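A.B. asks: Below are the structure tokens for one structure; questions will follow.
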Amino acid sequence: MTRDIVTDDIVIAASILSADFAKLGEEVRAVDQAGADWIHIDIMDGHFVPNITMGPNVVKAIRPYTKKPFDVHLMIAPCDPYLADFAEAGADMVTVHAEAGPHLDRSVQLIRSLGMKAGVALTPSTPESALEYVFDKLHRVLVMTVNPGFGGQSFIPEQLNKIRAIRQMIGDRPIHLEVDGGVHLQTAPLAAEAGADVFVSGSGVFDGGDYAGNIAALRKAAMSARADA
Ligand SMILES: O=C(CO)[C@@H](O)[C@H](O)COP(=O)(O)O
Ligand SMILES: [Fe+2]
């Protein structure tokens with residue numbers, strides 16, 4: 001099934017880390033109906049990051065609640081032993097961290113061989129040069145604008161230079177540039193102006209309960225920066 005399309009459009013990926021875990025399936029359906037383009041799923045292991053969330057069994061359980069693409073952000077180390085489980089659970093795209101192990105190229109090749117789109121994430125202290133030798137195998141790059149592990153943190157503005165540099169590296173390749181962490185109405189335009197086209201938001205989508213209003217406002221904020229460019 002093809003659920004991932006690379007377009008020139010702004011993509012809003014709702015991060016279910018901020019959802020009510022007691023009714024996760026309904027929350028996924030709700031953000032789908034509220035206009036989210038992708039469902040962003042944060043997988044944390046209490047080892048690579050200081051928090052624990054969910055595994056492939058939960059991804060599988062929420063898969064029937066939407067046809068929107070599942071954008072799985074792995075904050076686990078090692079990741080290779082679990083990639084097939086996420087593919088089987090219904091992940092469309094899997095992003096691994098460049099910092100999560102010594103064999104990034106192997107992880108990227110494995111994701112692709114399992115039929116999923118491949119992404120690499122960089123924590124705030126990792127330079128864009130970490131992408132150099134895997135770049136042409138990627139469908140997306142995820143720039144973390146907070147230190148990974150928790151929702152609701154503040155956007156780190158120094159990451160805007162990294163976003164600009166990666167936008168230059170991408171050129172006309174069909175690679176999404178995803179920004180994750182502290183993405184709100186004030187920061188989405190900055191990231192868009194720097195070159196991001198996928199906007200992950202947890203608290204910005206879920207806080208206050210007006211998912212449709214929040215998603216529409218985020219999209220409008222990101223698009224306004226593009227129109228100004
Ligand atoms: O990967 C992560 C956190 O490590 C994110 O995807 C968070 O879920 C973003 O949350 P907000 O900063 O948007 O509240
Ligand atoms: Fe994430």
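Backbone N, Cα and C atoms are what each Cβ position is placed from, and that goes for glycine too.
Features from TrEMBL:
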- Ser15, His73, Gly149, Phe150, Gly151, Gly152, Asp180, Gly181, Gly182, Gly202, Ser203: substrate binding site (BINDING)
- His40, Asp42, His73, Asp180: divalent metal cation binding site (BINDING)
- Asp42: active site, proton acceptor (ACT_SITE)
- Asp180: active site, proton donor (ACT_SITE)
A.B. asks: Sorted by position, what residues of the same chain at least six away from Asp42 (divalent metal cation binding site) have a C-beta under 8 A from it?
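C.D. replies: Ser15, Ile16, Leu17, Thr53, His73, Met75, Gly202 - these are the non-local Cβ neighbours of Asp42 (divalent metal cation binding site), listed in sequence order.
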A.B. asks: May I ask which of the binding-site residues Gly151, Asp180, Ser203 have a CB within less than 6 Å of any atom of ligand 2, listed in sequence order?
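C.D. replies: Cβ under 6 Å from ligand 2: Asp180.
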A.B. asks: How many neighbouring Cβ atoms, not counting its own, are there within 10 Å of the Cβ of Ser15 (substrate binding site)?
C.D. replies: 26
A.B. asks: So, in DSSP terms, is His40 (divalent metal cation binding site) helix, strand, or coil?
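C.D. replies: For His40 (divalent metal cation binding site) - judged by DSSP and reduced to three states - the answer is strand.
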A.B. asks: Should Gly151 (substrate binding site) be counted as helix, strand, or coil on the basis of DSSP?
C.D. replies: coil
A.B. asks: Could you say whether, by DSSP, Ser203 (substrate binding site) belongs to a helix, a strand or a coil region?
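C.D. replies: Once the DSSP labels are grouped into three classes, Ser203 (substrate binding site) ends up as helix.
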A.B. asks: The record lists Ser15, His73, Gly149, Phe150, Gly151, Gly152, Asp180, Gly181, Gly182, Gly202, Ser203 as binding substrate. What's the largest Cα to Cα distance among them, in Å, rounded to a whole number?
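C.D. replies: This binding site's residues have a maximal Cα-Cα distance of 16 Å.
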A.B. asks: Same-chain residues six or more away whose CB lies under 8 A from the CB of Gly182 (substrate binding site)?
C.D. replies: Thr145, Val146, Gln153, Ser154, Phe155, Ile156
A.B. asks: Taking the Cα atoms as reference points, how far is Asp180 (substrate binding site) from His40 (divalent metal cation binding site) in Å?
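C.D. replies: With distance taken Cα to Cα, His40 (divalent metal cation binding site) is 10 Å from Asp180 (substrate binding site).
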A.B. asks: Across all protein chains in the structure, which of the binding-site residues His40, His73 has the highest Cβ count within 10 Å?
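C.D. replies: Highest number of other Cβ atoms within 10 Å: His40.
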A.B. asks: At a 10 Å cut-off from the C-beta of Asp180 (substrate binding site), count the other C-beta atoms across all protein chains.
C.D. replies: 26
A.B. asks: Under a three-state reading of DSSP, tell me whether Ser15 (substrate binding site) is helix, strand or coil.
C.D. replies: strand
A.B. asks: Using other CB atoms within 10 angstroms as the count, which residue among the binding-site residues Gly149, Gly151, Ser203 scores least?
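C.D. replies: Comparing Cβ neighbour counts within 10 Å for the binding-site residues Gly149, Gly151, Ser203 gives Ser203.
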A.B. asks: Just the number: how many Å between the Cα atoms of His40 (divalent metal cation binding site) and Gly151 (substrate binding site)?
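C.D. replies: Approximately 12 Å lies between the Cα of His40 (divalent metal cation binding site) and that of Gly151 (substrate binding site).
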